[in-house]
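What follows is a short report on a single structure.
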Amino acid sequence: MARNTVTGARSGAPAPTSHVRGEPTTSLLGLVVKIGALGLAAALAVWAAFPLIEAANWVGVGIVAAVTALIFYVYLSPRHVPLKYLLPGTLLLIAFQILPVLYTVSTSVTNFGDGHRGDKEQAIAAIEAYSVVRTPDSPQYTLTVAADGAPDTGDLVFLLTAADGTVYAGDADGLTPLDPDDLTREASGKIVDAEGYTVLTTAQINERSDEIADFAVPTGDGTGIRSSGLSMAYEGQATRTYQEDCDCIVDSVTGVTYTADNVNGSFVSDDGQRLLQGWRVNVGFDNFLRFVTDPATGASFLSILAWNIGFAAGTTLLVFVVGLGLALLMHTRTPLRGRTLYRILLVLPYAMPSFAMLLLWRDMFNTDFGLINRVLGLDVNWLGNAWTARGSILLVNTWLGFPYMFLVATGALQSIPRELEQAARIDGAGAWQAFRHVTLPLLMIAMTPILVSTFAFNFNNFNAIWLTTAGGPFSPDNPLAGATDLLITYTFRLAFGGQGAQYGFASAVSVLIFLIVALLSLISLRQSRSLEEVNR
């Protein structure tokens, strides 16, 4: 009888487990982490979707849904292992780099800013509401001034109690009924607390008194609600109303007609007077052409750009020279007692917080009480003159930046074999010739990318300027552009300064900054590659 054998099989023995190559095995801890991470992603998606749905932003809802579906597909599928590692970084890159750049570019071709924030319908509602005056039969409301968010920066909200006890929240978009269970009222009907809003104190109201005096809640049909003191409000009749047939605003008091200028997003009278409230429109490349067509802006931009390049290049050169010089001094073979201690002391400025050091240097430059004037017995207004302020900024920035260059140069010097310098000395080269023709070219290969990044960083070194001079000193005829302003501080002042926000123009400046830094960095990196080819 033939014997039938089955390889590897035994009576009563369990069948061997087969493992498919490449099939991932997940531990219990890994499974719990995966479920928790996917649950967090789903929760964030739901949190982001509700405001988008409320705003009817269906494109945003679609993007959130697509990203969430992609996350679940990638991490629930056993395939696409490389994508599991690349996806988080890619999403963060898109969210924090690409999207802000695209938004800045899109804003740069609009007139977005103070007076041009919303659409045309919102501008009309604001114009009508701000022209409201009291009438003999104006309804009265008990008023509580609140804010949607922080008390000093949040949007103003009027919490109103009508004569019949109905409560509302009034903002720039109109009235919203409130649930009485979500608020606390006094016996007089005044609201003292409301869920979702910050009730302003008397001091906070005083700080925003001008803003409150100009604020009005549109209620439709040419009416609006304005404050009358701190605890009462009234619903009055607008003196400026929109006429759809002529696409214009008519002032019933003065009889002036303001016709819509849909190109620039504002209402303009026949004599050229514009109403303050306008709407956001696309202006093409007008913000970029403003540097050429507006003499004041163009002159300011060119002078700021020249100083910006000089500041970045000067800082880079100074920190390189000082850092490399000290690194060479510490790298010498000459016996130097306490060499390690000296190196520690030299990097101390790098270990200190630059934010605090900049403020400290600013106080040291004070004309009356500053340490520099008192020690040297001088009476120099260091930050009040254009050139002394620029020199002071370069000094401070060099002090803050040379330790980093010292560390980089020290590491680069230690990586260069000393035999190369010795060979040059044997061939008759002096110390300077050996450094110039042997050590320095090898150093530049390693340090050129560092110098490029240093230049790019200082080109947009907001803190160094803003915390020391705030861009000043300023000339009386141009309060928007200071002698030490960089393009980034000039942009910040345009966007958030007291002269009125100009987000569109500031975005155009930001785009130009991006292009300038990209161009200069590209040229420098190409020069770095040419150095590598020469030294091969």
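Positions of Cβ are set from backbone N, Cα and C atoms, glycine also.
Automated prediction, rather than curation, is the source of TrEMBL annotations.
Worth saying up front: this structure is predicted, and the values here are computed from it rather than measured.
Positions annotated as region 'Disordered' by TrEMBL: 1-22.
Taken from TrEMBL, the feature transmembrane segment applies to 28-50 (among others).
Residues or ranges marked as transmembrane segment by TrEMBL: 56-76 (among others). If one looks beyond the transmembrane segment (56-76) by at least 6 residues along the same chain, the residues whose Cβ comes under 8 Å of a Cβ in the stretch are 34, 37-38, 41-42, 45, 48-49, 83-84, 87, 91.
Marked as transmembrane segment by TrEMBL: 83-103 (among others). Long-range neighbours of the transmembrane segment (83-103) within the same chain, counting only residues 6 or more positions beyond its ends whose Cβ lies under 8 Å from a Cβ of the stretch, are 67, 70-71, 74-75, 514.
Taken from TrEMBL, the feature transmembrane segment covers 305-329 (among others). Sequence-distant contacts of the transmembrane segment (305-329), counting only residues of its own chain at least 6 positions beyond either end whose CB sits under 8 Å from a CB of the stretch, comprise 346, 390, 393-394, 397-398, 401-410, 413, 435, 443, 447, 451, 454-456, 458-459, 461, 483-487, 516.
If you look up TrEMBL, you'll see 305-524 marked as domain 'ABC transmembrane type-1'.
Annotation comment: TrEMBL describes 341-361 (among others) as transmembrane segment. A Cβ distance under 8 Å defines the sequence-distant neighbours of the transmembrane segment (341-361), meaning residues of its chain 6+ beyond its ends; these are 326, 330, 392, 396, 399-400, 402-404, 406-407, 410, 463-464, 467-468.
The transmembrane segment feature in TrEMBL is assigned to 392-413 (among others).
Summarising the annotation, TrEMBL assigns transmembrane segment to 434-457 (among others).
Beyond the transmembrane segment (503-523), the same-chain residues lying 6 or more positions past its ends with a Cβ under 8 Å from any Cβ of the stretch are 101, 104-105, 107-113, 116, 283, 287-288, 290, 301, 305, 452, 455-456, 459-460, 487-488, 490-492, 494-495. The transmembrane segment annotation in TrEMBL covers 503-523 (among others).
Within the chain carrying the transmembrane segment (28-50), a Cβ under 8 angstroms from the stretch's Cβ atoms is held by residues 61, 64-65, 67-68, 71-72, 75-76, all 6 or more beyond its ends.
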